[in-house]
Amino acid sequence: MNTVSDLNNFVATRCAIADISLSDFGRKEIAIAETEMPGLIAIRDEFAAQQPLRGARITGSLHMTIQTAVLIETLEALGAEVQWASCNIFSTQDHAAAAIAANGTPVFAIKGETLEQYWDFTHRIFEWADGGYTNMILDDGGDATLLLHLGARAEKDQACLNNPTSEEETILFAAIKKKLAQDPTWYSTRLEKVKGVTEETTTGVHRLYQMFAKGELKFPAINVNDSVTKSKFDNLYGCRESLVDAIKRATDVMVAGKVAVVCGYGDVGKGSAQALRALSAQVWVTEVDPICALQAAMEGYRVVTMDYAADKADIFVSATGNYHVITHDHMAKMKNQAIVCNIGHFDNEIDVAGIEKYKWEEIKPQVDHVIFPAANGKPEKRIIILAKGRLVNLGCGTGHPSYVMSSSFANQVIAQIELWNAVGTDKYPIGVYTLPKHLDEKVARLQLKTLNAELTVLSDQQASYIGVTKEGPYKADHYRY
């Protein structure tokens, strides 16, 4: 921006942020984050001269954090144009959004935005100032992808919008109807221009596979979540550090000695359980999958049901990606001052809608007492709900550390390059793909450089013996790390 007036006009017309004056603070934190994101910066340096994303117009729907700012600026350094919104109403870091806006990138993200604003912002990232169109999506949770597909269906028959099952669906469906009244082909026009999507998280990946199985997916997708250097690092090690940070910021509770229940023992649940045990909580795990349950038991965790644990534990963490894992009845049974939070993507893991009928008392932003009235001879009680059942580590904390996000976002950039450079070929017909293992290993090598790690090099004989090249890949695709 040439002048303050230019910047203010850009922010007023092409952004929705909390406070542009926070941009200097955001820029300083971005500079620190870059020193902790070796993989992402190495990819920026390697590919900047080639401009492999030239011509790409990327709509991004992903938590607008300091680490995401480094991702955005990497995409732009490689030639892309970018517009961004957060994928969660509580996860934005306002100084990060301000710094990105000050750099001339349209961004629509405010911490604590309403659901109406959320879906308005998700629409706006598909609208370009020159009237052009998005041709790539970078998604987290699948909302940007869902919006275009659902809207295009509604163009043919709005009956698909008639029966919302939640407050969020009610607001989303109303937003789609409003847009269709303004432009009856808004969604299909944009949908047909998109060449591909890269999806960040487990929940969004589930949506993609479901859409593909039903024949509804209209463009190819790369499942970034299941790259080893994403799921086994971001999901596990990231949650291991960010969960308890968020709980303690929100409540100042002493974790040691308390009984903590982790619902789900996938990678996110594993990291969450490790974090709570490291602070000397007694950790119980709930699971539906006997393999994951056996893993938990072999790690020394007690495997129980929520029905059993509800009135006994002190801290509850949902980490499943599933629906109503913690129900109204579970919360009704809980102890006074029990803490309930979610580290899965959507708020419906906890039946927040089922307890909205009770009195809510805000303690501070994203920390609420829900007051259950006296009943059946039991006195009034309060439970603590964090981030209104949405992602606790970003609602009540600052999310995962920069270093682990470098792995995830390096995969995102590589996936965007991979899809964009395949446009016009038959390399990626409509479907859901994962990145090849040699790219996974590349990300790991880049990340290792700052950890004083020195890799052993196979001899020719050793490589021949196990049937690999000296340069890798070192494992078969079916290998489970």
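Cβ coordinates are placed from backbone N, Cα and C, and glycine is handled just like the others.
For the substrate site that Swiss-Prot gives as Thr65, Glu200, Lys230, Asp234, the extra residue drawn from Asp6, Asp140, Asp143, Asp289 is Asp140. Of all the binding-site residues listed here (Lys230, His345), it is His345 whose C-beta has the fewest other C-beta atoms within 10 angstroms.
Rounded to a whole value, the Cα-Cα separation of Val268 (NAD(+) binding site) and Asp234 (substrate binding site) is 9 Å.
Considering only the binding-site residues Thr201, Thr203, His345, the residues lying within 10 A of Lys230 (substrate binding site) on a C-alpha to C-alpha basis are Thr201. Using a 10 Å Cα-Cα cut-off around His345 (NAD(+) binding site), the binding-site residues Thr65, Asp140, Asp234 reduce to Asp140.
For Gly266 (NAD(+) binding site) paired with Asp234 (substrate binding site), the C-alpha to C-alpha distance reads 12 Å. Applying an 8 A CB threshold to same-chain residues 6+ apart, the list for Glu200 (substrate binding site) reads Leu62, Leu138, Asp139, Asp140, Gly141, Val224, Asn225, Lys230, Ser408, Gln412. Ranking the binding-site residues Thr201, Thr203, Gly264, Glu287, Ile343 by the distance of their Cα atoms from the Cα of Asp234 (substrate binding site) places Thr201 first.
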